[in-house]
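Taken from TrEMBL as is:
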| type | residues | note |
| --- | --- | --- |
| REPEAT | 100-135 | repeat 'PPR' |
| REPEAT | 137-171 | repeat 'PPR' |
| REPEAT | 207-241 | repeat 'PPR' |
| REPEAT | 242-276 | repeat 'PPR' |
| REPEAT | 277-311 | repeat 'PPR' |
| REPEAT | 522-556 | repeat 'PPR' |
| REPEAT | 557-591 | repeat 'PPR' |
| REPEAT | 592-626 | repeat 'PPR' |
| REPEAT | 627-661 | repeat 'PPR' |
| REPEAT | 662-696 | repeat 'PPR' |
| REPEAT | 697-731 | repeat 'PPR' |
| REPEAT | 883-917 | repeat 'PPR' |
Amino acid sequence: MSKHRLGLHHWLCFSYLSRTTKRPFTACHLPAEAISSTVPTSSPINNHKTLCFSLAEQLILRGLFGSAQKVIQRIIKQSSSVSEAISAVEFSISRGVEPDVTSYSFLIRQLVASGETQMAEDIYVYCILKRGIEPKDQSLLNSMAICYCNLGKLDEAKLLFDKLLDMKLRPCSSTCNALIKGFCGQHSILDGFDVFVVAIDAGVSLSFSCYNRLVDGLSRRGFLDEALYVFDVMCERGVSPNVHLFKTLVLSLCKRGRVEEAELLSMDMESYGFVLDKVMYTTLINGYSKNKKMKMAMRVFLRMLKLGCEPDKYTYNTLMHGFFSLGMLDKGWVLHQQMAEFGLEPDAVSYQIMIGKYCKDHKVDCALMLLNNMIQCNVAPSVHSYTALIAALYKENRLAEVDVLYNKMLDNGLVPDHVLFFTLVNNYPRGSEITLACTFLRAIAKNGCGIDLSDIPSPTSRTVTTDIVSDIDHLLGEIVARNLPLANVAFNIYMIALCLGGKLDSALLCMDKMASLSLQPSLSAYNSMIKCLYQNGLLEDAKSFVEVMQDQGQVPNQATFLIMVNVYCKQGDTQLAFEVLDQMEESGLKPSVAIYDSIIGCLGRQKRIDEALEVFRRMLEDRIYPDETMFVTMINALSINGRAIQAHELFDKMLEDGVQPSHYAYTALIHGLVKKNMIEKGCVYLDRMIENGFMPNTVLYTSLIKQFLRKREFEFAFKLVDLMERSEIERDLVTYITLVSGVSRNIRSLHGKWLVPQKQYEKSKEMLFRLLHQSAMFSREKCLKISISSQEQIKFLALRLINKVKNTPLMPNLYLYNGIISGFCWAEKMQDAYKHLDMMQSEGIQPNQVTFTILIDGHFRSGEIDLAVSLFNRMNAQGCSPDKIVYNTLIRGLCKHGRLIDALSISYTMLKKGFAPSKASYENLLTSLCANNWSVHALKICEDMLAHKYVPCGHNLKLLICMLDEENKSHEARLMIDLLLNKRRFMMYTS
């Protein structure tokens, strides 16, 4: 510390002490070195300052302190160095004269300019703020804002910046540059952008590095529109961008799917005299390929060749991937050959693209042959090729081959990554996450670090114990000591495993350990943590964790938002899911197909098929193209909602787009066609499915059995059950639930309604059976034959099924117990239903909302209203929160039995809890209220229905109008008539 710095430090302390203790401050309070420093030297250069000091001293001796202050102020302002300015201040204080704010302001400016920021802050705090002085000087505020930025105190700097704006004062260029630099450095990039906007509006000139930092930071964080705004302002102000800025924006735009904008920007880049390199051309090609615009991709490729920029393997691989993804295998192979003609031998990525396509098209054997061919050509397969193959083998249930292939990969010395871990763990039983992670860590240690594993036992023969956790800690320590990048991979896999296993606290400790080693969790690890928080019901913590992730420089990707959407859709909250969609679009990130798939699936389950179709159209308008899974979801949504013709049209559209249907797509379509009695059409697609190598499986049989039970076709349904058993197709949990519930719900009614001529219907059923059997039909004596003509017979069949289900190895199971309890309720055996409820609980399975709904409905059907209400109260007491279905069941039952006040109370309770009764519940309430002449309540129900976009049915509106006329309420009746007329117009318009 310099002499002057030391003297001023003591001076600040004593000066503050003298003011707070009301004691006079004199030169005796200063150390000797501070006093000596106040005497100017007598060299010729300082003659003028010496005269000024002498003048100030004379003025002080004469008691003219104000004049002395002005002389000292002039000395500080004209000082050529910080030391001279400090000498003047010390001189003044040593003579008992406190410098004024202007003097301190000049001193602070000099201190900030010379880098003495801590001293500047001390003087500002002790000599200005703590004297109760409100700083209003523009130069002082700007200097202190810069000072706080340099000290890393951005909040204090921003307060001074805002104060300047409030006082209608203009922040200086240095202040704006310092704030933007600080915010960019601390990941508060949007705060930096806000400062930028204010600076531009105020006409402040900014440095090139300021523009550079903002464009770079905003692009990396996904705020592309803001980055482009900064870039445009930069160009408008005549600041020439460099090649780095162009590259940053082009790459970021392509990454976000905005390829057309990226290409236009690349043309602007050429106008500045820069030349696109191989990376930028390939990035544009990749962007167009991802958007399935292969003509545009080829145009960029040809332009690249024309301008003499030679493509590399990555360029060719990018194009091949685009063509293979669209099913254009011939064009992909042409590029493969052209690549070889240019002397570029196909590499591991080239083969990986082809292997991935074969796996996606369910041609695993072709993919395996390609893998062997790859090895014969001395091209070492990557872990990604093995991952695609293992995932495809799992889909085809070829588990033995999975183990062989995985061991082959390890024998070849490859190091597994987190993607392969996800593939395997998703096909392992729950609870094996830590064991599998230990296996992966052993492979990383052995193949990646050359660590001898003889001292660490294999985890495959053990359950998750403290020994395995200890082994993992030991492995991680060894990997950290040998290879830090691989340690990052290992820690991320372990963190993912902990999250998937629901071990939240251990996962957080793992993340802390990573931070202590300066290791960064991957985006997949962060996403796993966010998912784990959501699964534990910690929604607010999950949202906060997204912000933590962003502060660490990780930009939320489509997988992050998919986790959020999946959670909201699982809860049935599509409004929050749509908000996530809007949030993504605002940040310039296109939603993935999986995100749309989740929302459409949820809407389909909620019977909101028109909204599902609207979302599907929105997806296509955003140039996001559906994959096979998305097509299946949409076809299934249309099928279960009775839109079989539209499902059939969409299936054909899928084929036109080159998307090969799986057995899931065929099953969804056939199910929809059979549901609408278009069995003959269903047979066409069943035949095509079998020709394509997909044999009828458990899912298809179960869906068909379910439909024929709903149609009360018991004989044919059980013929399918018999055929399923003869074909050695195992019944799963859903099959048993379908059988029990399908028979039980038909106990009270046996006569179905035929929508087609009986003869044609029987012929279609025979064709369906024949196709399933793949030969001539069984003779009648060999087929299972069930004839049901009375309620007693169907009750007997239901009870037999229940007894059979109870003996299956799938028990105990909540869903099967619910099916069994439902069967007893339909058979009016409530005592047996409660007996199985007790049995279920004794086996450690707690009833859920479905269980209580079944029992409450059973009591209502048996006329036991008080018992139904009592059970509802018991449900609340046991901590099982009622859902919409429970409430709607209560409303329906209470209305049926004339308990209108209770039914209205339940409907108001629902509204208070944030969800409305269903339209059917509202109609039940309205019918009952009209029947009892409760016009006031009926009108209120109509208002609630309209508020939730429900239009009352014509019958209820007519009843309400008649009731209002009888009560001489003509105005209300007129409103109802208008509503009825509008409804009819709407129905005519939509038809």
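Cβ atoms are placed via backbone N, Cα and C, with glycine included.
Averaged across the repeat 'PPR' (137-171), the predicted model reaches a pLDDT of 87.
Within its own chain, the repeat 'PPR' (662-696) is flanked in space by residues 362, 628, 631-632, 635-636, 638-640, 642-645, 647-648, 651, 654, 703-704, 707-708, 727, 729, 755-756, 760-761, 763-765, 767-768, 771-772, 774, which lie at least six positions past its ends and keep a Cβ under 8 Å from the stretch. Sequence-remote contacts of a segment are chain residues at least 6 beyond its ends whose Cβ falls under 8 Å from one of its Cβ atoms, and for the repeat 'PPR' (557-591) they are 222-225, 256-258, 523-524, 526-527, 530-531, 534, 539, 542, 546, 549, 598-599, 601-603, 606, 608, 611, 619, 622, 624, 884. Listed by sequence, the residues of this chain that lie at least six past the ends of the repeat 'PPR' (207-241) yet keep a Cβ under 8 A from its Cβ atoms are 173, 176-177, 180-181, 184, 187, 189-190, 192-193, 196, 200, 248-249, 251-253, 256, 258, 272, 550, 553, 555-556, 587-589.
Broken down with DSSP, the repeat 'PPR' (207-241) shows 26 helix, 0 strand, 9 coil. The residues of the repeat 'PPR' (137-171), classed with DSSP into helix (H, G, I), strand (E, B) and coil, number 26 helix, 0 strand, 9 coil. With a cut-off of 8 Å between Cβ atoms, the residues of this chain six or more beyond the repeat 'PPR' (137-171) that come close are 101-102, 104-105, 108-109, 111-112, 115, 117-118, 120-121, 124, 128, 178-179, 181-183, 186, 188, 191, 195, 198-199, 202-204. The residues of the repeat 'PPR' (522-556), classed with DSSP into helix (H, G, I), strand (E, B) and coil, number 26 helix, 0 strand, 9 coil. Applying DSSP to the repeat 'PPR' (100-135) sorts its residues as follows: 27 helix, 0 strand, 9 coil.
With DSSP classes pooled into helix, strand and coil, the tally for the repeat 'PPR' (627-661) is 26 helix, 0 strand, 9 coil.
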